[in-house]
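A.B. asks: Before anything else, here's the structure in question.
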Amino acid sequence: MESGARSEARPDEEGPAPAGSSSGGSKVYHERQRMQFCLLHALNNLMQEKESFTRAELDGIAENLVLTDPNKEKWTPLSLIWKPHHNALTGNYDVNVLIAAVESRKKKVVWHDHRKGASSIDLDAEALVGLMINVPVRRLRGLWTGRHWVAIRSIDGIWFNLDSDLPSAKQFQCKEKLIAFLDSVLSQGGELMIVLQDE
C-alpha cells in the first residue's frame with residue numbers, strides 16, 4: 001500500500017493495543033511499508049524473519065505463474081508493467097503469489113468462508129502458522145481504492161497485528177478482541193486466509 005494510504009479495517013480501542021519490542025522474551029519482527037510491497041512485508045512479518053522472502057523471489061514466483069497462465073493471449077502492451085500477478089514497478093502481488101510463496105515453505109493457505117464468523121477459526125490449532133488478511137484501502141482521499149495484505153500471528157501465545165502500514169506491531173489484548181477485529185475486517189469486504197503447516 002502506498003505511503004499515506006488508509007486501510008478500512010483499522011484497529012480501534014476494541015482492537016490491538018501497542019506492542020513492545022518483545023513478547024515473553026522473544027522479539028517481534030515487524031517490517032514497515034514500502035511502495036506496494038505489502039505482500040512481501042506481510043509474508044516476512046508472518047514468518048518473523050527479515051528477508052524470509054525477497055522481492056526477487058516473489059517476482060520469480062509471479063513470472064512463473066505467467067508462464068502457466070492460460071489467458072496469456074489476452075494480454076495487451078500494458079501487460080508488460082501491469083502483469084497478471086503483480087505490478088512490475090511497484091509490486092502489488094496477488095493471492096496466487098501468496099499461495100505459491102507459502103507453499104514453497106511447506107505451508108498451505110486455506111480460504112476462510114466469509115459467511116462464517118471468525119470465531120469458527122481454531123486459533124489454538126497446532127498446525128496454525130498465522131492469518132493473512134486482504135483489506136480494502138482508499139487512496140487519494142477516496143478517489144482510488146485498492147487492497148492491502150496484513151499478517152496476523154501468535155508469538156509466544158500473544159496475537160499481534162503485524163500490518164506493515166502501522167508504525168509498530170499491535171498486540172491484541174485477548175482472543176476475543178482478535179475475533180472482533182477479524183469479524184470487522186470480513187464485514188468491510190476483507191478476505192481472510194488461514195496459513196497452516198503442510199502435513
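Yeah, the Cβs are placed from backbone N, Cα and C, and that goes for glycine too.
Unlike curated records, TrEMBL annotations are generated automatically.
Values in this document were obtained by computation on a predicted structure and should not be read as measured data.
Heads up, here are the entries from TrEMBL:
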COMPBIAS  1-13  compositional bias 'Basic and acidic residues'
REGION    1-27  region 'Disordered'
COMPBIAS  16-26  compositional bias 'Low complexity'
DOMAIN    25-199  domain 'Josephin'
ACT_SITE  Cys38  active site
ACT_SITE  His148  active site
ACT_SITE  Asp163  active site
A.B. asks: Determine the mean pLDDT over the domain 'Josephin' (25-199), rounding to the nearest whole number.
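C.D. replies: Reported value for the domain 'Josephin' (25-199) is a mean pLDDT of 82.
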A.B. asks: Taking 10 A as the limit, how many CB atoms besides its own sit near the CB of Asp163 (active site)?
C.D. replies: 30
A.B. asks: Whole-number Å only: compute the distance from the Cα of Asp163 (active site) to the Cα of Cys38 (active site).
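C.D. replies: Here the two Cα atoms are 9 Å apart.
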A.B. asks: Count the other Cβ atoms sitting within 10 Å of the Cβ of Cys38 (active site), across every protein chain shown.
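C.D. replies: Its Cβ has 31 other Cβ atoms within 10 Å.
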A.B. asks: Between Cys38 (active site) and His148 (active site), what C-alpha distance do you get in Å?
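C.D. replies: Cα to Cα, Cys38 (active site) and His148 (active site) are separated by 6 Å.
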A.B. asks: When you measure from the Cβ of His148 (active site), how many other Cβ atoms are you left with inside 10 Å?
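C.D. replies: Here the count is 26.
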